[in-house]
Amino acid sequence: MGVSGKGKLPLFETKVREGRTWYKLYVLSVLLGICLILVHRALHIPANGEKGRWAWIGLSMAEIWFGFYWILTQSTRWNPVYRRTFKDRLSTRYKDLPGVDIYVCTADPKIEPPIMVISTVLSVMAYEYPTEKLSVYLSDDGGSDITFYAFLEASRFAKAWIPFCKKFKIEPRSPAAYFKESYSGPDDKLVEWMEIKRLYEGMERSINSVANSGVVPDDIRKQHKGFSEWNGNATRSDHQPIVQILVDGRDEGARDNEGHVLPTLVYMAREKRPHRHHNFKAGAMNSLLRVSSEISNGALILNVDCDMYSNNSETIKDALCFFMDEEKGHEFAFVQLPQHYNNITKNDLYGNSLLAISEIDFHGLDGHGGPLYIGTGCYHRRESLLGKKYDKTHKLELVEKERDYKSTASALEERAKNLVTCTFEDNTQWGNKVGLKYGCPVEDVITGLSIQCNGWKSVYFNPQRRGFLGVAPVTLEQILIQHKRWSEGNLQILLSRYSPVSYGRNKITLGLQMCYSIYCLWAPCSIPTLCYAIIPPIYFLHGISLFPDVSDSWFLPFAYVITVTSIYSLLECLEIGYTPKGWWNEQRIWLYKRLASYPFALFDTALKQIGIAKSAFVITAKVASDEVLKRYEKEVIEFGSASLPFVIIATVAVLSPVCFIMGLVRLLFVQGVRSMGSMLVQVIICSVVSLINLPVYEAILVRQDAGRLPTSVALISLTVSLFAYVLPLN
């Protein structure tokens, strides 16, 4: 192990994965197979007028795309690195640690329940870190007095919760997550545990009661001056700026039940007016940047989604090991932790765990200069978010920022309100060169890219104990909506002036440009996938071969690439924690996203490019009915509506077995069994698509619950499939 700075041991180490020879042989062999496939396509194009010519060309274009995209995906696997921190060295070396401002963003108390929001807030208030250096900010884009009430209750409960967490070193420090498990500690802790649980359940009942009624009672309104902000005609989309300091960490009276200083706690609802665009989450984050600069001015910023509670109370110190390392620390703009969820089923029904991204992709990105900023679970250097460029000639240390200890809380509130009005950003660089970028549904990714293009590096840290846990969508519709927003936003980045291809040239490494392009090209992947899911079955139905015969030597590259990449995918997924069934579920969701989510992202992006539509931000629901949750826990896919995405999925699902059966009949009784060799690949495609869609057939034919597919969807899909039989082919 090397040393850092002036003979000091480093605060972190980086390890490169070894034993990559077999992987590199795999890549070279598959690449050769892809080239041979494309050569075959070019040499055997059907003549003009011959049936299958256009289908052949279409599949050729799809295979060119798949080959190109596969090469891109290997960029994340070529040079993965793994980080380890040494928090003991940090504690020994630094006694005065920098201030940390923590941002929690919420937008709708109906979709994001207040009790869930404040559990996240309480989890980050209880970090193993000097409380006088912690400041927690809640941005409420719903402008809800109910959320404010929940926040007020959290500030009171924190007086008992924080000392309890630190006394017994409990994990996780979200009370909702912690008390979900039965007690298993020592007897001397039981009495205190029961008392804290009683306090939490009382708070939970009070908050849920107010949330369900939709009205904060008058007797509660009298408990805090902040409720006066809702005395007028304030609505979610039309209200004045609101900033309330519920706990002032500078105040000697702001102490917990053990007499220790409480973290500063601030509620913010930026001004909203119907005629003013508020720039979604990016606008909220920029408002928090300005408000926190006025109140606490922490050198380090952590932002988390309101459902993404802290599961590891040590991650601030982990992040500081990177930022405060004497040799490398000045290079880093942000430290990104993975996005994990606490409600994943055993076999990951909807592919929610994103393990391939967190366990493979981001380690590979880190090897090329740093991961993407994904909008939650990320520690930022304040200067980098404010647009400062990296200067290798000047080491910018992470030092304590100047904080106003003279002004009263009321004075700070009034000054902060002026920073979050609708007009404050007019004629400024906010949203452009300063703060998070505007104009893109994935403001986090485009902001992280611009920071890296400013010369900074980022770090991916994947601790053994997961840093944050959130709530994953529990219905297929929510998954498709979420990925539509992600893929649409990423494609918009590619088409914007911040494209990693053009804007990133000579600013970030080629490998990092390729890695970004993987996500930017999610949406265009829908077209070749649709081609491969539809064309081979239809042409098999009509007895037209689109692939080489089994006896032909050109069959070998097709067989090799399909077999080897499938086996590699399975082994890779098993290595990172998937079950075999989980891998199969991942393949299904991969197909559904490309069939029924990415095409809409592609279409909407095209409309935006020609000025017909504008960007929108759809919040993923964090709540579901009991019946939906029961089906999710049983790993039963939730359909339930006749929406267009489900019509597409059902149509492709029904098309394959219809084409397979009718094509097999033709093969056996018209063309003869000898023709099977030239049709084998198409038979395999029909079979795999049919097997992967077994839940669709069950939802159409067997299930009677509310999550089944409506009869109308079944009729549409069957009609379209039968139409394929009479479709004239060229």
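The backbone N, Cα and C atoms fix where each Cβ goes, and this holds for glycine too.
TrEMBL: automatically predicted annotations, no manual curation.
What TrEMBL records for this protein:
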- 21-42: transmembrane segment (TRANSMEM)
- 54-72: transmembrane segment (TRANSMEM)
- Glu112, Asp141: UDP-alpha-D-glucose binding site (BINDING)
- Asp141: active site (ACT_SITE)
- Lys281, Asp305: Mn(2+) binding site (BINDING)
- Asp444: active site (ACT_SITE)
- 516-542: transmembrane segment (TRANSMEM)
- 554-571: transmembrane segment (TRANSMEM)
- 644-669: transmembrane segment (TRANSMEM)
- 675-697: transmembrane segment (TRANSMEM)
- 709-727: transmembrane segment (TRANSMEM)
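Structure with TrEMBL features highlighted.
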| residue | record | CB count, 10 Å |
| --- | --- | --- |
| Glu112 | UDP-alpha-D-glucose binding site | 24 |
| Asp141 | UDP-alpha-D-glucose binding site | 24 |
| Lys281 | Mn(2+) binding site | 22 |
| Asp305 | Mn(2+) binding site | 24 |
| Asp444 | active site | 23 |
Checklist line | Contact call for the transmembrane segment (644-669) against the transmembrane segment (675-697), three or more Cβ pairs under 8 Å | finding: yes
Note to self: With pairs fewer than 6 apart in sequence excluded, do the transmembrane segment (21-42) and the transmembrane segment (554-571) have three or more C-beta pairs that lie under 8 Å?
What the structure shows: yes
Next item on the list: Grab the same-chain neighbours of the transmembrane segment (516-542) for me: Cβ-Cβ under 8 Å, and only residues 6 or more beyond its ends, written as numbers and ranges.
Entry: 51-52, 55, 58-59, 61-63, 65-66, 69, 72-73, 75-76, 361, 372, 445, 449, 483, 486-488, 490-491, 493-494, 499-501, 504, 591, 593-595, 597-599, 601-602, 605, 652, 655-656, 658-660, 662-663, 666, 679, 681-683, 685-686, 689, 724-725, 727, 729
Item checked: Those recorded positions of Lys281, Asp305, Asp444 having Cα within 10 angstroms of Asp141 (UDP-alpha-D-glucose binding site) -> Lys281
Next item on the list: Return the member of Glu112, Lys281, Asp305 nearest to Asp444 (active site) in space, with distance defined Cα to Cα and candidates limited to these binding-site residues.
Entry: Lys281
Note to self: Under 8 Å between C-beta atoms and at least six residues away from its ends: which parts of the chain pack against the transmembrane segment (675-697)?
What the structure shows: 532-533, 536-537, 539-540, 543, 545-551, 555, 558, 562, 584, 587-588, 591, 636-637, 639, 649-650, 652-654, 656-657, 659-660, 663-664, 667, 709
Next item on the list: Calculate the distance in Å between the alpha carbons (Cα) of Lys281 (Mn(2+) binding site) and Glu112 (UDP-alpha-D-glucose binding site), and round it to a whole number.
Entry: 14
Item checked: Separation of alpha carbons, Glu112 (UDP-alpha-D-glucose binding site) and Asp305 (Mn(2+) binding site) (Å) -> 10
